[in-house]
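Peer 1: First the structure, then my questions, so here it is.
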């Protein structure tokens, strides 16, 4: 059944901003889908509000709408573009929910849009737990399969929940319907817990529905990735086993592929059930996954749930097997059957097969609890990790240890240094699932825990536990070996130990271990991920290292460029860096190089085997990268290694790589040091005559106090060498500074930087390109929030709303001075603060920044591609001549009627209940969205709608601001009142408002408690849903009682209820403009291609005038 | 030490019994089902390398073997399990191999070995450990002296000595005469589930022996060795076909059927051994993910029908990986066979419907109901159709 010819255009919906539970795996799947559809000749219309994605690059679709993914905005796009079909299964739950909403609202019928790759009834059946249970029971009954569901009750009220709990007993599981990533779900151990969790769950569910279920805590957990075509051919792409048993969300579990502890009978039963269920559910075509739990004592198998769409696990399964699920799902949606699609890897065999693995894949989650003090760090059915790393090895120990070091996280990698601690304490810690539990288990083994004890504490399958013991035994052998022979080293390496671990165990240095290992000829080989366990020859070089027999690296004809990726997603280093790496790869491949990608993040486009000419799925440590470089040098000339695009991870390796003789292209490691090291950078600035805020560097408390005394409070303190503002704080007094220093001193060996904090400054972010001679100003972004809020968390606008051409000229000059002074070749990001008309330089980063994709989209210039070329020696002039960069002008000379793009950060507070939502100098956002329109107000409104749901256009607004903000808030609050909002305020704020002619009703603060007449506090009123908009700027020091705590309660209530909460007065002003724009009702949609057309037309007109 | 006849040597650690063993070196790409693989008689005189690295994780139980003993002549793995973890397991694989006297070896280079076999083809090999170790040249000499698979007549060696009966589960509907050329336990079980009383007969059975049972249908099983040598079974099958009794064959049985129709057989370079092979039903276009274990195949024209002494026939199933013939069917007579394993132990159950197809043929031939063998009946209904044994098995003790 070949491709359908009755449809010509297809709309694809993306997944929006990166949030916990829905990350860049959907960029990977959406990008694959767009590529397939375009290659097949369809007109592709894409909607995604996330500018950091590859899929929203204008070249991946015919019409790319960076607009909010809300049903009404998507309807506007449908009305304008009139697509024949809508493919909603590749953009996560967001896309699926939007498509269902459009279907239910009759929009799809109205515009005659066919849903492809999905069936509404099937989606309902798959996602409605009661219906789904019925399906499981039916297939088990009719086909005689061993399949069951956990006993459960569907409840719509708290009372129903309590009745159900009487039947099921505690503990029990609460699962809200139609939420993603397990939002709102959890274990209730008693009635109080049930009230809390089920209450929130009912709120979180769009259908006010939760499922209460018998506890299957501690059972083995599995997942199958299934593909089905319209001819009803079904294949299982991959089985995945969770090492963490039931009770921990799959996204937070350490998982392994293929499943390792099932007999064939059990596996085939699971396979039969999966296939029977998806047939019964009626999944149209494409990928879906289905999860199982197995009672380790009896083998009773329970079907947990299925997702009738491509999921996070699909991305993992694709990378784990080489079977590109999203790409094939897109082909199936347009009419092909599995047997008509060739297997990309072998080229000769078809996609209608089940991959066979001759290696083991381990995925480990990466958490960011350090960013959210106060958050509950226990792992539950509610996903909390922000990223993941995957590793491949020829044995489980090898893959596991590679995966752990891929995390680049302290305390993740197994260690035998120091004392392990008390066995009983460690076993107790193991009982509760937590970040790095495997590490705790390894320490428990060191402390003498037996397999039985460890099993009792964790319920982790004894086979996996034994593998941990095997690793421990090999460590002991290594420690006791009289000599490091090739034999000893080979065995240790086959168990995944790094040179660093070996050095620690042998009390040597890492370079010494490496030299010895190389001298003994113990080096990894590179095997191919070939989908077929070597049964057929692989044509695609997708490689992983292992200490095995034969290497399979093909010889390369063209000069090779290695691009080091950014590793697991974390806050501060995410998809934006992958974007830059992927762009470099595309561009350099087109420019005649053989591109070689090195990365370990399975969610990304960069680790798609057809993004680069070669892919190494490897940890980004010095050892692993050096071995890849060596392997590549054996098979052809290596022109250079790019470290500038993957964020801090590769940048941190630059000097060591260069010292090892690896050719680094672009900005040299010495230049990187010039920008990163405070003293050196200070000299660069001094030479250029550029001011920086007064600052000093302190190691001790006294030094810090002395510096603060000299430069005056407030001061901004932070450890040197960090990304994402980790450990940054604004400090207003000696006492807080003393506390900070004692903590920081303990946490790091690096000195602490103490800067004068510029209150009320405008912060400016610049991305630029420098070739040694000419500067291309990519874009100038003005932060909406004032300085002090991390640039990653701050909304910003491009072009800057309030800077004039004179300011931009100063910024251009300063940026050029810095680029020259540092010696940049490629990208440079500079952060400035404009205060009292003085332009201060806050910091410069000689690398791709988080804002590169945003700038590229807002200005219609492929900045990362241009940067890659500059790094390889092209000049800005050449790129202008080529047409890659505009012939004239740059991001600093945007025409006055250029569209305004607003970037807004998306914060994960709904995942971390109890964490203060106030923004600060430490970055906490997981993702971003872009709103683009002709005017700032509409662009801002779009950014808010995309990030948090639409701004309210009426109702009650609660205002409570710090004294310093009282003057500035009068005008915007008055505007709100004029728009018809009823204004509620705390006493002090209300007074100021009333004196300025704004009627404000006084409400009780949290600390006032409920009034004598039962008047509720503001917190209560927010929780009761009586407030539609909250404006609360924080004051007082964190952690204290009083006003700061009041604000905390308010903001927490806002998060619980999902009410927009504005924490800066600048944000309020922007919101008012946005609300006005919505009220005017003139929010339209325009594709990036149309914006670019206008920009180009305008730019040439401007150039003509000059 | 593992020594291949072309001189390639792999060093490793002894696994299972120590000593020496010889056989044809083949690889299996299944990620589950080592116990079924080891006990599959078709692996007689073969040294099997598992491409999946971790083997033995779920130990050994009493329910999953496909015959009463391990048939592989040697076993090559990468990472033998140190513990067994499964609620049905009652001993470790290592102990089991030792008890069965199977010489095995754990080597790092199972992938290198697989690639070698893929490029050079299956070849003779020997595994040596303990007192059997000697200088490589001498071991190589021993390997080269061992018999080759081509021309090997092995069915009788693995076949049952005496006939036995597998009773029907539930009401008996048919009598099936099943010629054991290396039959797996799951095969008669699959038929028994469908109401067949299965009379398992020795490989040496003649047409008269078979037809003496007055069976509703005749079945020829899988088995080891070169089909070109199996003149006896071919003769027997011709007699069965002459009688007009419905026939179904699997694997070796497919090759015997091919020969009975006058077709040739040949040795594949490295065979199909695994549980992930895509086989397409030519009539419906549907693809089954199927279990395979064959080193030989039938030579037949893929397109259209061809003439045979029993009237026109066609290739019913084809392997999409390499266009290998995977099934044959007579167009005017009730006889068909497949090269792969619908009984699927180990392996997916997509093809279980073929047993229903066989039952439909018997039903029709009996004239009780007038059914011709429709594509629908022959192709089966895919996974999920598997009642009975598996379910009970998994629910086990």
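If you go along the chain as it appears here, the first residue is 1 and each next one adds 1.
Yeah, the Cβs are placed from backbone N, Cα and C, and that goes for glycine too.
TrEMBL: automatically predicted annotations, no manual curation.
As the structure is a computational prediction, the values presented were derived from the model and not from experiment.
In case it helps, TrEMBL gives these features for our protein:
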- A:1-408: region 'Carboxyphosphate synthetic domain' (REGION)
- A:129, A:175, A:181, A:182, A:214, A:216, A:221, A:247, A:248, A:249, A:291, A:305: ATP 1 binding site (BINDING)
- A:139-334: domain 'ATP-grasp' (DOMAIN)
- A:291, A:305: Mg(2+) 1 binding site (BINDING)
- A:291, A:305: Mn(2+) 1 binding site (BINDING)
- A:305, A:307: Mg(2+) 2 binding site (BINDING)
- A:305, A:307: Mn(2+) 2 binding site (BINDING)
- A:682-872: domain 'ATP-grasp' (DOMAIN)
- A:718, A:756, A:758, A:763, A:788, A:789, A:790, A:791, A:831, A:843: ATP 2 binding site (BINDING)
- A:831, A:843: Mg(2+) 3 binding site (BINDING)
- A:831, A:843: Mn(2+) 3 binding site (BINDING)
- A:843, A:845: Mn(2+) 4 binding site (BINDING)
- A:843, A:845: Mg(2+) 4 binding site (BINDING)
- A:949-1106: domain 'MGS-like' (DOMAIN)
- A:949-1106: region 'Allosteric domain' (REGION)
Peer 1: Just to confirm: which same-chain residues, 6+ apart in sequence, have a Cβ under 8 Å from the Cβ of residue A:845 (Mn(2+) 4 binding site)?
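Peer 2: Within the chain, residue A:845 (Mn(2+) 4 binding site) has Cβ neighbours under 8 Å at A:675, A:828, A:829, A:830.
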Peer 1: Over all shown protein chains, what is the count of other CB atoms within 10 A of the CB belonging to residue A:718 (ATP 2 binding site)?
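Peer 2: There are 22 such Cβ atoms around residue A:718 (ATP 2 binding site).
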Peer 1: Pick from A:248, A:758: which of these binding-site residues has the biggest number of other Cβ atoms within 10 Å of its Cβ?
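Peer 2: The residue with the densest Cβ neighbourhood is A:248.
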Peer 1: Within the domain 'ATP-grasp' (A:682-872) only, compute the mean pLDDT.
Peer 2: 88
Peer 1: Compare the C-alpha of residue A:788 (ATP 2 binding site) with the C-alpha of each of the binding-site residues A:214, A:221, A:248, A:291, A:305, and give the closest one.
Peer 2: A:248
Peer 1: Quick one: what's DSSP say for residue A:129 (ATP 1 binding site), helix, strand or coil?
Peer 2: helix
Peer 1: Closest to residue A:305 (Mg(2+) 1 binding site): which of the binding-site residues A:221, A:248, A:718, A:758, A:831, going by Cα position?
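Peer 2: Ranked by Cα distance from residue A:305 (Mg(2+) 1 binding site), first place goes to A:221.
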Peer 1: What is the separation, in Å, between the Cα atoms of residue A:843 (Mg(2+) 3 binding site) and residue A:214 (ATP 1 binding site)?
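Peer 2: Computed Cα spacing between residue A:843 (Mg(2+) 3 binding site) and residue A:214 (ATP 1 binding site) is 54 Å.
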Peer 1: Other Cβ atoms within 10 Å is the metric here; tell me which of the binding-site residues A:214, A:221, A:305, A:843 scores highest.
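Peer 2: Highest number of other Cβ atoms within 10 Å: A:221.
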Peer 1: What's the longest C-alpha separation between any two of A:718, A:756, A:758, A:763, A:788, A:789, A:790, A:791, A:831, A:843, the listed ATP 2-binding residues, in angstrom?
Peer 2: 18
Peer 1: What are the sequence-distant neighbours of residue A:291 (ATP 1 binding site), meaning same chain, six or more residues apart, C-beta distance under 8 angstroms?
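Peer 2: Set apart from residue A:291 (ATP 1 binding site) by at least 6 residues yet with Cβ under 8 Å, we have A:221, A:222, A:223, A:250, A:303, A:304, A:305, A:306.
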Peer 1: Least buried of the binding-site residues A:307, A:831, going by other Cβ atoms within 10 Å?
Peer 2: A:831
Peer 1: Spatially, which candidate from the binding-site residues A:307, A:790, A:831 is nearest to residue A:248 (ATP 1 binding site), comparing Cα atoms?
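Peer 2: In terms of Cα distance, residue A:248 (ATP 1 binding site) lies closest to A:307.
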Peer 1: Work through the binding-site residues one by one (A:129, A:214, A:307) and name whichever has its CA nearest to the CA of residue A:758 (ATP 2 binding site).
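Peer 2: That would be A:307, the closest of A:129, A:214, A:307 to residue A:758 (ATP 2 binding site).
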Peer 1: When the Cα-Cα distance from residue A:214 (ATP 1 binding site) is computed for each of the binding-site residues A:307, A:718, A:790, A:831, which gives the smallest value?
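Peer 2: So, of the listed binding-site residues, the one sitting closest to residue A:214 (ATP 1 binding site) is A:307.
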